[in-house]
């Protein structure tokens, strides 16, 4: 891993007004990116955003920086992250830029780049942009300055793309669906996609005001969706996060259906249709029930580190076409280049329509194991608790007791002095007791 100063695993992110998410930094970032990308030939960059109020300020700053470097900006307006990846490909733009902090609150924002083919920018290009940031900002000759324009049909183009991933011979006319768009970037996309495919749609979380993105709605908080599905006696609910790269579903009984279950349904349907190539990639946090259910179907399963970037890397390494995180990032490389909540949701709906089965019944082949997560704070600088003999001994005892019907995962938080203790097994009471036993051992260090 390179020692980049600004770019993390998912672009540049932070609180608006605090470095680096400030207008002056973002202007210079636009200029530096423009200088680097202009070397590659194309003169246009796609810029999309979610519905945060700060998006207006940041897209203006980016556009000014790009123009100073001689590149033109094409604005999409509020648009899901995967839509920007798609439009970057179809417009043959040199790059796409998304202004979003995904599932974070409105006061955060971030900048993420896509390359010309709709995938993440290569590390070398990000490093070149950072190197350019160290230079004094300059301006091309007036005649060479970049321009700005809007892609007026951006939403329509992406809606048609999404619909094209749903089989022509199927219809959603039998389904009543509640869709929750998190007051985010899918608010004008997802309801229209579902309606045009025939569904009876009830939309919530579709009234963005700049500050209500992800606020008690969307994929990170499905309580409002669960309540509405039950109240409307709907067949199911679908929730997206603020930038539309995650999807979580709710069955007609109000049960949450997470990314693990969604991947199970899509992988099993792919197998039935003879379209599954290779296996499926999850993460260290993927439920053991997923692994066992896929094993019963004869589908290979591999675990990547937590993070959709690492899931994609493992998929590419294996040559597999499907991967997911339990948080709802689902990557289907036969359809898209990045996690796409709408496209993933449509594949589940296709399985429902083709098999005339409810979402609840499609999930029935996979038994979710209870997963207990305990966060333990430790004193930074006092050594690594995970290396302590007492912690290792208790962990070994628990692993021996669980055998091959459970798992223990201990990992450090990347952002604060926390040890995350996760224990998974068939018996919830036993798993809870084991998790707290390990947590107590960590605290005692």
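Note that Cβ sites are derived from N, Cα and C of the backbone, with glycine treated the same way.
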Candidates 102, 115, 390, 413, the one Swiss-Prot lists with 241, 243, 245 as binding Mg(2+): 102
Between residue 245 (Mg(2+) binding site) and residue 102 (phosphoserine): CA-CA distance (Å): 8
Under 8 Å by Cβ from residue 245 (Mg(2+) binding site), counting only residues of that chain that are 6 or more apart: 80, 81, 82, 102, 308, 329, 338, 339, 340, 341
Shell of the Mg(2+) site beyond 102, 241, 243, 245, same chain only (C-beta within 8 angstroms of their C-beta centre): 50, 80, 81, 100, 103, 184, 185, 240, 242, 244, 246, 341
Nonlocal residues around residue 241 (Mg(2+) binding site), in sequence order (Cβ under 8 Å, 6 or more apart): 102, 103, 182, 184, 214, 218, 219, 220, 328, 341
Close in space, distant in sequence - residue 243 (Mg(2+) binding site), Cβ under 8 Å, 6 or more apart: 50, 80, 81, 98, 100, 102, 103, 184, 185
Number of Cβ atoms other than its own within 10 Å, given for residue 102 (phosphoserine): 27
